[in-house]
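Colleague: The signal peptide annotation in Swiss-Prot covers 1-27. According to Swiss-Prot, the disulfide bond annotation covers C33-C81, C47-C96, C50-C134, C58-C112, C62-C114, C117-C124. The annotation N-linked glycosylation site is assigned in Swiss-Prot to N37 on the grounds of a curator's inference.
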Amino acid sequence: MGTPVKILVVRNHILFSVVVLLAVAQSSYLPPCEPVNETVAVEKEGCPKCLVLQTTICSGHCLTKEPVYKSPFSTVYQHVCTYRDVRYETVRLPDCPPGVDPHITYPVALSCDCSLCTMDTSDCTIESLQPDFCMSQREDFLVY
């Protein structure tokens with residue numbers, strides 16, 4: 001009777017080791033949460049053009065987990081790659097009519113962190129528009 005239990009314990013240990021090894025291997029291939037250069041578009045209601053520029057955003061992989069058994073009484077918190085330290089820059093949009101403030105301020109990521117998503121400052125949706133999407137006429141203004 002002692003042998004089947006011993007084999008089961010060894011199998012569980014091997015299975016656990018394989019799962020841990022695969023998790024570590026997978027995470028080494030995924031880009032970490034860090035500032036990256038990205039082309040983004042900024043626009044403002046009332047101005048006929050959007051400005052396409054280069055800035056630094058937070059992008060990359062954060063370890064998350066989701067329970068196998070979900071309960072309506074529990075809340076799942078997913079960590080996302082988001083801003084830790086940020087600086088704001090202001091640009092002037094071209095061809096804004098009189099009476100419309102042509103200035104717009106956008107964030108520049110200085111450092112990033114895996115934390116809960118703050119909807120006030122981040123787009124936490126599953127499928128969002130591309131960062132360089134414009135609803136109005138595009139004008140390139142590529143700066144870092």
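Going from the start of the chain as shown, residues are counted 1 onward.
Glycine is no exception: its Cβ is also placed from the backbone N, Cα and C atoms.
Owing to the predicted nature of the structure, the values given are computational and were not obtained by experimental measurement.
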Colleague: What number of additional C-beta atoms lies within 10 angstroms of the C-beta atom of C112 (disulfide bond)?
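Modeller: If we count other Cβ atoms within 10 Å of C112 (disulfide bond), we arrive at 24.
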Colleague: Restricting to the same chain and to sequence separations of six or more, state which residues have a Cβ under 8 Å from that of C62 (disulfide bond).
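Modeller: Same-chain residues close to C62 (disulfide bond) (Cβ under 8 Å, separated by 6 or more) are C33, H79, V80, C81, C114.
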Colleague: Using a 10 Å radius around each Cβ and counting other Cβ atoms from all shown chains, which of the disulfide-bonded residues C47, C58, C96, C114 yields the largest count?
Modeller: C58
Colleague: Using a 10 Å cut-off between Cα atoms, which of these recorded positions sit near C58 (disulfide bond): N37, C47, C117?
Modeller: N37
Colleague: CA-CA, which of the recorded positions N37, C96, C112, C117 lies nearest C50 (disulfide bond)?
Modeller: C96
Colleague: When neighbour density is defined as the number of other C-beta atoms within 10 angstroms of a residue's C-beta, which of the recorded positions C33, N37, C50, C81, C117 has the lowest density?
Modeller: N37
Colleague: About how far apart, in whole Å, are the alpha carbons (Cα) of C117 (disulfide bond) and N37 (N-linked glycosylation site)?
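Modeller: That comes out at 20 Å between the alpha carbons.
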Colleague: So, three-state DSSP: helix, strand or coil for C58 (disulfide bond)?
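Modeller: C58 (disulfide bond) sits in a strand per DSSP.
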Colleague: Check C81 (disulfide bond) against DSSP and tell me helix, strand or coil, would you?
Modeller: strand
Colleague: Going by DSSP, give the three-state secondary structure for C33 (disulfide bond).
Modeller: coil
Colleague: Round to a whole number and give the Cα-to-Cα distance in Å for the pair C47 (disulfide bond) and C112 (disulfide bond).
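Modeller: Between the alpha carbons of C47 (disulfide bond) and C112 (disulfide bond) there are 32 Å.
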